[in-house]
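Asks: Pulled these from TrEMBL:
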ACT_SITE  Glu17  active site
DOMAIN    102-304  domain 'ATP-grasp'
ACT_SITE  Ser152  active site
BINDING   Asp258, Glu271  Mg(2+) 1 binding site
BINDING   Glu271, Asn273  Mg(2+) 2 binding site
ACT_SITE  Ser282  active site
Amino acid sequence: MAEIKNIVVLYGGSSSEREVSLKSGKGINHSLLEIGLESSLKDFSDIKNLQSLAEYDLVFIALHGFEGESGRLQKELDNLNIRYTGSSSIACMNTWNKSSFKKILEENAISTPRGFSVERLDASMESPFAIFYNKHNTAIEKMFLKPVEDGSSIDIFEINSDNDLTNSINKSINPDRPFIFEEAIKNREFTVTILNNQCLPILEIITQNSFYDYDAKYISNDTQLLEADLCKEDKERINDLSLRAYKETGCSGWGRVDILQDTDEQFYILEINTVPGMTSHSCVPRSAALAGFSYNDLVEQIIKDAAK
């Protein structure tokens, strides 16, 4: 890591995840300074020209949402030959778009909740339950509605009836964009942090909310992130599934894989986050701590991978 001395932490931005990114960036910057590296914080919203980042040895991407996870930033940094943390532009593109992500999983026989996508939300559209039945020949009682491209469980709604769709459209921050309807798999929810192609201890997410939404992730003190109480076989199944999804989408460096388990004890990949949160409420630092890594150790490992 000798050649990595001067780092810029890219955070903030204008996405719906700005506030989370600000917290992540500040934590990472503080850690880098404690480690003994030169570190600067830069709000993505204030950057006029990415070429200005070339003066640094490394860009630590702590930018959540489309600006930091869609792959566009990584592609521009690649074109400028600027080194950065985390996954490549292609991997980010593969995981950011939920429709593309599901297609990759399905093509590789990796279990994921079934669903369908629409170009925009429209109150006059056919019943989503009817569409799901026609597509999958299965009747379901509940589904989740979420943007094809967004994160931190923002603009996600639980759909139990056609009336819920109308209410969701009225509450959506932007209904005029692609959305995906996904079958609800409700039993247990887990998350796996992958660091340098190794799975850290599995966490089980326990929340009082109907699902792990923005409030549960970053605000509520009732959310519990516990080391998963699973048999050895189930831990191996989860880790294998996570690594397969991680590798098939081209991810590298670090990331977080979210997994659901149904009442038949089958596991399903929900999503991969290529720039996970690094706040006091975040899963990645909690999982790292169970593996014996301090926050500083975690940041240093991410830096070492980027320096390869």
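Quick reminder: no glycine exception, Cβ is built from N, Cα and C everywhere.
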Asks: Hey, does DSSP put Glu271 (Mg(2+) 1 binding site) in a helix, a strand, or just coil?
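Replies: DSSP call for Glu271 (Mg(2+) 1 binding site): strand.
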Asks: Which whole-number value in Å describes the distance between the Cα atoms of Ser282 (active site) and Asn273 (Mg(2+) 2 binding site)?
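Replies: Checking the Cα atoms of Ser282 (active site) and Asn273 (Mg(2+) 2 binding site) gives a distance of 12 Å.
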Asks: In three-state terms from DSSP, label Glu17 (active site) for me.
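Replies: Assignment for Glu17 (active site) reads coil.
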Asks: Using a 10 Å cut-off, grab the number of neighbouring Cβ atoms around the Cβ of Glu271 (Mg(2+) 1 binding site), all chains included.
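Replies: By my count, 19.
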Asks: I'd like to know which of these recorded positions, Glu17, Asp258, is least surrounded, judged by other CB atoms within 10 A.
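Replies: Fewest other Cβ atoms within 10 Å, among the recorded positions Glu17, Asp258, is found for Asp258.
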Asks: Could you state the whole-number distance in Å separating the C-alpha atoms of Glu271 (Mg(2+) 1 binding site) and Glu17 (active site)?
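Replies: Glu17 (active site) has its Cα 17 Å from the Cα of Glu271 (Mg(2+) 1 binding site).
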Asks: Whole-number answer please: how many Å between the C-alpha atoms of Glu17 (active site) and Asp258 (Mg(2+) 1 binding site)?
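Replies: The Cα atom of Glu17 (active site) is 18 Å away from the Cα atom of Asp258 (Mg(2+) 1 binding site).
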Asks: Around the Cβ of Asn273 (Mg(2+) 2 binding site), how many other Cβ atoms lie within 10 Å? Please give the count over every shown protein chain.
Replies: 22
Asks: Return one of helix, strand or coil for Asp258 (Mg(2+) 1 binding site), based on DSSP.
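Replies: Note: Asp258 (Mg(2+) 1 binding site) is in a strand by DSSP.
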Asks: Within 10 Å of the Cβ of Ser282 (active site), how many other Cβ atoms can you find? Include all protein chains, please.
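Replies: That number is 21.
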Asks: Using Cα coordinates, what distance in whole Å links Asn273 (Mg(2+) 2 binding site) and Asp258 (Mg(2+) 1 binding site)?
Replies: 8
Asks: Find the average pLDDT over the domain 'ATP-grasp' (102-304) in the predicted model and report it.
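Replies: Averaged over the domain 'ATP-grasp' (102-304), per-residue pLDDT gives 91.
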